[in-house]
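Database features, via TrEMBL:
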DOMAIN    2-238  domain 'Glutamine amidotransferase type-2'
ACT_SITE  CYS2  active site, nucleophile
BINDING   THR308, ASP370, ASP371  Mg(2+) binding site
REGION    504-524  region 'Disordered'
Amino acid sequence: MCGILGLLLHDSNVDSAAEICEALSLLQHRGQDACGIVTCGPKGRFYQCKANGMVRDVFDENSISRLIGGMGVGHVRYPTAGSFNNAEAQPFYVNSPYGIVFAHNGNLTNTTSLLQYMDATAHRHINTSSDSELLLNIFANNLQQTGKFRINEEDIFTALGGMMKQVKGAYACVAMLAGFGIMAFRDPNGIRPVGMAVRKSGSGNDYLFSSESVVADAGGFGEWQDVRPGEAVIITRSGVSRRQVAPPATFAPDIFEYVYFARPDSVLDGISVYRSRMAMGDALADEVQRILTENNLTVDVVIPVPDTSRVAALNLAQKLGLPYREGFVKNRYVGRTFIMPGQEMRKKNVRRKLNAMALEFVGKNVLLVDDSIVRGTTSKEIVQMAKDVGAKKVIVASCAPPIRHSNVYGIDMPSRAELVAYGRDTEAIASAIGADLVIFQTLADLIKSVRQFNPDIMSFDCSVFTGDYVTGDVDEKYLSHLESMRADNARGKAMGMSVGVQSVGNDHSNGVDGKTNGVHEQRGSDVTLGSDIRATVNGSDDTVGLHNSWNTS
Ligand SMILES: O=P(O)(O)OC[C@H]1O[C@H](OP(=O)(O)OP(=O)(O)O)[C@H](O)[C@@H]1O
Ligand SMILES: NC(=O)CC[C@H](N)C(=O)O
Ligand SMILES: [Mg+2]
């Protein structure tokens, strides 16, 4: 999952970077690996700062002050394709046509054929293994085909429509065209979220695109609207244009956004994440009661696994009339562990992040509630911690059903073998994490918990629970390929991602018959794009892309 942002201020003399930076920090929970901002200033020039790290580490007053311009795009990254290399930090930029900046949340599933197309037909160079850079170039290539000196909204809609025909997978994107404006679009299944909001500013409006509505609330924006699946929205100084650019497909927002990814104070596709988590707790309470009775067990206390499960755990405890206690205290300076790279780091950080308070555990049958059990990293550690401080019995309840399938749409769960529920029944899962009993929400209850707040949504992407992939192109061959490339134990070898190595480019080298050429090795250190040089100025003095009234000089 990544976070994407776009901001266009009515007053072009006010720089947008500080506000984008603030907003990115509100989306930090969606990606902790890298972040970046590109702004567009006078003469359509882009100003960029991006690097590996959290928002607070990458940006400071100095770097922000060098990001000039009243519109910009921001990104926080949680890698699901390519590597963790800083060359894949976003936003991405291409100079041709017109100067485009691009931020992507999601994951493409037909990158192999797209890369071939880029190489053999479009002759565009893809310099990293990132699917987002590829997506940008598909868009750019479609835009190029207009062949125009100056383009308009219609041309962009046409290019995006063409792109949506070629590309498969999940993508919610924000883009910016030099001197023109910002735009957002969403894949035809609407798997990943993005919405827009508006704020009065003097005689005009400021506009925001964001993955989550929490950013709009915090920035004083109102009238939040989700971008519709297959829709594109373009905002220029002259106003807002919206267009359905892809034919309607099954709308299937990812249910895992509600389970884990999104902030509780966001509303996605008309559904309050907070309310849906409360409902998950209520529904799980019934299942817990049923299974406890079946096993002739009683529980003394309900303890959430901070942070995400808190909301659901409180409702569950209330419904069962059990005490709710914060038995685990979270170190607020450790981020989310699930989205950290590598099993060793995840494991180490669960211990750094959570500490069990013995007084809430000693001699008790404790019910630990988590939002989900994925690799089992968290549950294995916390069950042990609970036992170490004297719990009598440890029962784990999960607000989501067992996860037994890979995610291919923007969550880094490529390998089934890494999932603790893969090939295990409930009893075997309990034994794998060391618990006395494990209780899972049923899929029907999970869907009901979310859908009741917007019955217009007929389906959700539940592929991690069911193995049904809504884009229709994901088969066993693809899943095995993904596993061989991205499983924890395969990554180092497959992607040259060892820390400190500036792996730039992929094996697909334009013009050299698919062999890696020497150019790639030289890149990454002295090339502006893809390096971690801060507040680097891109672009030139030319005025390509200064198309309309946005032109400031
Ligand atoms: O079974 P696992 O592979 O451990 O994954 C599941 C756990 O990871 C997440 O927590 P995380 O620490 O990422 O974030 P949180 O603080 O928002 O709960 C999630 O909330 C579960 O606790
Ligand atoms: N989680 C995401 O949305 C990742 C976006 C993109 N696939 C990347 O790896 O950078
Ligand atoms: Mg958690």
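The chain as shown is numbered from 1 upward.
A Cβ is built for glycine as well, from the same backbone N, Cα and C atoms used for every other residue.
Not measured: the values here are computed from a predicted model.
Looking only at the domain 'Glutamine amidotransferase type-2' (2-238), the predicted model's pLDDT averages out at 96. Straight-line distance linking the Cα atoms of ASP370 (Mg(2+) binding site) and the residue listed as 'active site, nucleophile', rounded to a whole number, equals 22 Å. Fewest Cβ neighbours within 10 Å among the binding-site residues ASP370, ASP371: that distinction goes to ASP370. The record gives THR308, ASP370, ASP371 for Mg(2+). Within 8 Å of the mean position of their Cβ atoms, the other Cβ atoms in that chain belong to VAL259, TYR260, PRO304, VAL305, ASP307, SER309, ALA312, VAL369, SER372, SER398, CYS399. Secondary structure at ASP370 (Mg(2+) binding site), as computed by DSSP, is strand. The Cβ of THR308 (Mg(2+) binding site) has TYR260, ARG277, ASP370, ASP371 as same-chain neighbours under 8 Å, each 6 or more residues away in sequence. Taking CYS2, THR308, ASP370 as the candidate recorded positions, the subset whose CB lies under 6 angstroms from any atom of ligand 1 consists of THR308, ASP370. The C-beta environment of CYS2 (active site, nucleophile), restricted to residues of the same chain at least 6 apart in sequence and closer than 8 Å, consists of ARG30, GLY31, HIS75, VAL76, ARG77, TYR78, GLN90, ALA103, HIS104, ASN105, GLY106, SER211, GLY410. Following the DSSP three-state reduction, the secondary structure of THR308 (Mg(2+) binding site) is coil. Screening the recorded positions CYS2, ASP370, ASP371 for a C-beta under 6 A from any atom of ligand 2 leaves CYS2.
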